[in-house]
Amino acid sequence: MIIKPKIRGFICTTAHPVGCEENVKEQIAYTKAQGPIANAPKRVLVVGSSSGYGLSSRIAAAFGGDAATIGVFFEKPSTEKKPGTAGWYNSAAFDKLAKEEGLYSKSLNGDAFSHEAKQKTIDLIKADLGQIDMVVYSLASPVRKMPETGEVVRSSLKPMGETYTATAVDTNKDVLIEASIEPATEQEIADTVTVMGGQDWELWINALSEAGVLADGCKTVAYSYIGTEITWPIYWHGALGKAKMDLDRAASELNNKLSATGGSANVAVLKSVVTQASSAIPVMPLYIAMVFKKMREEGVHEGCMQQIYRMFTQRLYKADGTAPEVDEENRLRLDDWELREDIQKHCRDLWSSVTNENLFEVADYQEYKDEFIKLFGFGIDSIDYDIDVNTLIEFDVESI
C-alpha cells in the first residue's frame, strides 16, 4: 500500500510503518550515543508505551540500561485495507530492534484501565521476569471504561469558572483564531479526574504489589505537565489540572507504600512537546511553536527522548546513587529549562504581537507542523513515500 498522511482535525488518521520505525531508530541512536545509564532498572513495565514519553521511557530503559521491558498499550493493528496506528508501528519497531540486541521485549495490546490488563501483565511478569523494579505510568486517554460497571467516562479539556478566550492557531489552515471554550461543569471536572487522575495508577501499583511482583526498591513514575500562566487557564487551572493534582495525591499515597520496601513513587513534570495528546489542547500548538524557538536559540530544547534520558540519568538513577532533587510536592521537575524566566518572558511578550503574517517567522510553527506529521511516520527526508510498503507488521504482542 502507498500511504499518505490524512489529517482530520488535530489527528492524522494514517501512519507509515517505515517512518515510524525510523523515529524509533532515531531515539535509540540518541540513547546509545549518550552512553549507558548507571544504576538502571533491569525489569521495567511501561503502561502506555506506544508513543510520546511512554515510548521514550521504554527505549531509555532497554537501550540505555539493557532492561527487559513489558509494554502495555491500546493500538489498532493494520488490516489489508488500512494501515495500523502509529503506536502499533512504533511498538513493532521497538520489539524488532530490542530483539536484535538480545533484549527481552513483550507487549500487551488492550484497555489498560481494565482488570484483565492488570492480571495479564501480572501473569506475564510472574512467568518471564519474576518481579519488576520500575513501573512507568504514561497513559494519555480521553476516555476510561470503568472496570466494575462498564460505564464509559470522558474527560474535558475545559477551563473552570468562566469562559476562556485566547489566541490559538488553526493548524489545518495555518491562521490565528480566537478560541473560546465554555467552562467545565462540576460533573465534567469529576469525570476528568476519573479519567486522567491518579486512580488507575494506584490500581496498577496496588495490583502489582498484592501479586508480589514488585521488587524491593521498585520505583514508579507518572508523567504530568504544569506549564505557565499562558496555558494555565486551559491546563493547570482547568479540569485537566484537577486531574493532574489528583496524580500528585496518588503519588503521595503510593510513595508511602513503596518507601517501606526502599522504593518510591513520583510525578515527573515534563516539558511541553509535540504529541498526539498536546495537539488536542487549544493554545498548546501556538505556545509550543513559540517556546521551542526560544529554547532552541538558548540551546536547551529537548524532545521526548532527551527529556526522559535526563530524567533517568539526572533524577531517578543518578550515577552517584544520591536521591533525586524534588520540588515541595515531591515531584521530579524536568520542565525547569522551559520555565526559565527569560524563556517565559519571551513567550509572554510575543503572544500579543503574533499575526498571520509573522507566525512562521517569530515562532517555530513550521517545525511544529513537521514534528506533528513525523509522529505518524511522515515527512522524513530519507523515506520515499511513493513506494508501496507492507502495512501488515506483526510482532510479539498479545491481545488483552
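Cβ atoms are placed via backbone N, Cα and C, with glycine included.
The annotation active site, proton donor is assigned in Swiss-Prot to Tyr235 on the grounds of sequence analysis. The NAD(+) binding site annotation in Swiss-Prot covers 48-53, 74-75, 111-112, 139-140, Lys244, 273-275 and rests on sequence analysis. The substrate binding site annotation in Swiss-Prot covers Tyr225 and is backed by sequence analysis. Residues or ranges marked as site 'Plays an important role in discriminating NADH against NADPH' in Swiss-Prot (evidence: sequence analysis): Glu75.
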Revision key, fill the gap. Row Leu139 (NAD(+) binding site), column other C-beta within 10 angstroms, all chains, value 22
Revision key, fill the gap. Rounding to whole Å, the Cα atoms of Leu139 (NAD(+) binding site) and Glu75 (site 'Plays an important role in discriminating NADH against NADPH') are apart by 12
Check your understanding: Want to know which recorded positions, from Gly52, Tyr225, Tyr235, Lys244, Val274, are within 10 Å of Glu75 (site 'Plays an important role in discriminating NADH against NADPH') at Cα; which are they?
Key -> none
Review point. Cα-Cα separation of Ser50 (NAD(+) binding site) and Tyr235 (active site, proton donor), in Å?
Key: 24
Review point. Just counting, how many other CB atoms are there within 10 A of the CB of the residue listed as 'active site, proton donor'?
Key: 25
Check your understanding: In the structure shown, with every protein chain counted, which of the recorded positions Glu75, Asp111 has the densest set of Cβ atoms within 10 angstroms of its Cβ?
Key -> Glu75
Point to revise | Of Phe74, Tyr225 (the binding-site residues), the residue whose Cβ has the fewest other Cβ atoms within 10 Å | key: Phe74
Check your understanding: When the Cα-Cα distance from Tyr225 (substrate binding site) is computed for each of the binding-site residues Gly48, Gly52, Asp111, Lys244, which gives the smallest value?
Key -> Lys244
